[in-house]
Amino acid sequence: MDKGPFSVEWLAQSSRGGARELPGESRPEASPEGSPLLTPPSVPAESLREREAAERPGHGAGPAGAAPGRARTKFSAAQLRELERTFREQRYIGAGEKRRLAAVLNLSQSQIKTWFQNRRMKFKRQTQDAR
């Protein structure tokens, strides 16, 4: 069976830099300065991500007291009141409401999303403990 363009085998080869060209395409090997053009890395992307994550402070097998990469967000009392009020109305927040809350509370959408995820887990623990 021939490995057609964009088949699993073809994509696997392309991630290792060994993919064949598509019919009618040509890939230049080097730029005029003699440096290679952007070519797929010879190392799989997953291992690159793992290596980069391990090199970041606060991640990987570092000491327990290492400083985390991002400081914990301290929500103001007004932000918490609005987040809790919204959570009482709906436990799952939609994209539009997330954008609105982020703008009103001066937080990022990912902070809103994370707060709701954490609050749902807290709610789940509280309801399980009550049984």
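Any Cβ shown, glycine's included, is placed from N, Cα and C.
What TrEMBL says about this protein:
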REGION    1-75  region 'Disordered'
COMPBIAS  18-30  compositional bias 'Basic and acidic residues'
COMPBIAS  47-58  compositional bias 'Basic and acidic residues'
DOMAIN    66-126  domain 'Homeobox'
DNA_BIND  68-127  DNA-binding region
Model confidence over the domain 'Homeobox' (66-126) (mean pLDDT, whole number): 93
Three-state composition of the domain 'Homeobox' (66-126), taking helix and strand from DSSP: 42 helix, 0 strand, 19 coil
